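To keep things clear, I will list the structure first and then write my remarks on it.
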Amino acid sequence: MDNRKRLAYAIIQFLHGQLRHGGLSCDAQESLEVAIQCLETAFGVTLEDSDLALPQTLPEIFEAATSSKQEMPQDPRAPDRTPPSEEDSAEAERLKTEGNEQMKLENFEAAVHLYGKAIELNPANAVYFCNRAAAYSKLGNYVGAVQDCERAIGIDPGYSKAYGRMGLALSSLNKHAEAVAYYKKALELDPDNDTYKSNLKIAELKLREAPSPTGGVGSLDIAGLLNNPHFITMASSLMNSPQLQQLMSGMISGGHNPLGTPGSSPQQSDLASLIQAGQQFAQQMQQQNPEFVEQIRSQVVRSRTPSASHEEQQE
C-alpha cells in the first residue's frame, strides 16, 4: 500500500484531533478545516479510511524519533576522537620523522605515504596533515594540499603554518583572493614571518593586476613596454648616445674600447662599459618618468611565484 497515503491519513488524523482538543481560535479551526480538505482532495484519503491507520499516531511516532536521537550511530565520516595509545603515538611520530627525511631527499610520493600512515594512527594531529599538504604541493596536487590544510586548521585553528601552506596551494591554483586571506591569517598568528609577508605581497599584486596575455617570459609585459611612448623615447635617446655608439663600434670591430680601464682586457672593458651605459639608462628613466619605472618593477614582482622556503621546514 502507498506509504504516502498512510502518511497523509496520519496527518489528517492529527489535524482532526487538533480540531477537537486543540483549544484553537475560530480562525485557526477554519484554517485547519481548509488544510484537511486540501489533503483529502490531493491524496484521495478521508478519516473513514481506517485501513490506512498506523499502529502509532503521528505524535507518538514523533516522540519516539526525538527520544532515540541520542542513540543514532555516529557519522562514519566524522574523525575518530579516541586518543591514540602511547604505542600508536610513538609509531606515528616515527613515521612522520621518516616522512620528513623523504622530503629532504625529494621522495615526495614516499613522504605522502608515510604521513598518511601517521594520520591513520593519530588523525587528531594537525602537523601530520600539514606536512602531507607540503608533499602534495611538491607533487603538484594542490587540491589535495588544500584539503589537508583544511583538516589541519580544523584540528588546530591557531596553526599558522597550515594557513601559510594553504596560501601557497591556493596561489598555485590561481585563487589569489583566497590566498591573500590565508596569508593575512598566517601573519596574524606569526607576524614576524618574512616569508608570509613576501608571499602576501606577491598574491596581492597578482590579484590586482592580471598578467597580460601577450606577456613575455615570467609574465613580464614585453609588448606593453615596446608600445609605451616613454620607453621608446628613452630607448631612442640611449641608442643615439655617442658613448653607446662608440662602445658598440668598438665591440663590432673587435678593437679596444677607450672607455675601459687601463690594463683591462677588451672583453672586460666592453662589459664594464655596457653595464655603465645600462645604469645610465636606468637613472635617466627614473628621473624622467618614475611612475613608468615603478610600473616595470611591479610587473617583475608580479611575475614571481610565492616562496616555499620557510614552509619546506617540516615539523
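Glycine is no exception: its Cβ is also placed from the backbone N, Cα and C atoms.
Taken from Swiss-Prot, the feature compositional bias 'Basic and acidic residues' applies to 72-84 (among others).
Swiss-Prot lists 91-100 (among others) with the feature compositional bias 'Basic and acidic residues'. Per DSSP, the secondary structure of the compositional bias 'Basic and acidic residues' (91-100) breaks down as 10 helix, 0 strand, 0 coil.
Counting Cβ atoms from all protein chains shown, THR82 (phosphothreonine) has 8 others lying within 10 Å of its own Cβ. Annotation comment: Swiss-Prot describes THR82 (among others) as phosphothreonine.
There are 11 other CB atoms within 10 A of the CB of SER85 (phosphoserine), with all protein chains counted. Among the features that Swiss-Prot reports, phosphoserine is placed at SER85 (among others), with the record citing similarity to another entry.
If you draw a 10 Å sphere around the CB of LYS138 (N6-acetyllysine), it holds 18 other CB atoms from the protein chains shown. In three-state terms derived from DSSP, LYS138 (N6-acetyllysine) belongs to a helical segment. As annotated by Swiss-Prot, N6-acetyllysine applies to LYS138.
For SER303 (among others), the entry in Swiss-Prot reads phosphoserine.
Taken from Swiss-Prot, the feature phosphothreonine applies to THR305 (among others), supported by a large-scale study or a structure entry.
The phosphoserine feature in Swiss-Prot is assigned to SER307 (among others); the stated evidence is a large-scale study or a structure entry.
The region 'Disordered' feature in Swiss-Prot is assigned to 65-100 (among others).
Per Swiss-Prot, region 'Disordered' is recorded for 249-270 (among others).
Summarised as a single figure, the pLDDT of the repeat 'TPR 1' (92-125) averages 96. Feature annotation from Swiss-Prot assigns repeat 'TPR 1' to 92-125.
Positions annotated as repeat 'TPR 2' by Swiss-Prot: 126-159.
Here Swiss-Prot flags 160-193 as repeat 'TPR 3'.
In the repeat 'TPR 3' (160-193), the DSSP tally of helix, strand and coil residues is 27 helix, 0 strand, 7 coil.
Cα spacing between THR82 (phosphothreonine) and LYS138 (N6-acetyllysine): 32 Å, rounded to the nearest whole number.
The two recorded residues, SER85 (phosphoserine) and LYS138 (N6-acetyllysine), show a Cα separation of 32 Å.
Break the repeat 'TPR 2' (126-159) down by DSSP state and the numbers are 27 helix, 0 strand, 7 coil.
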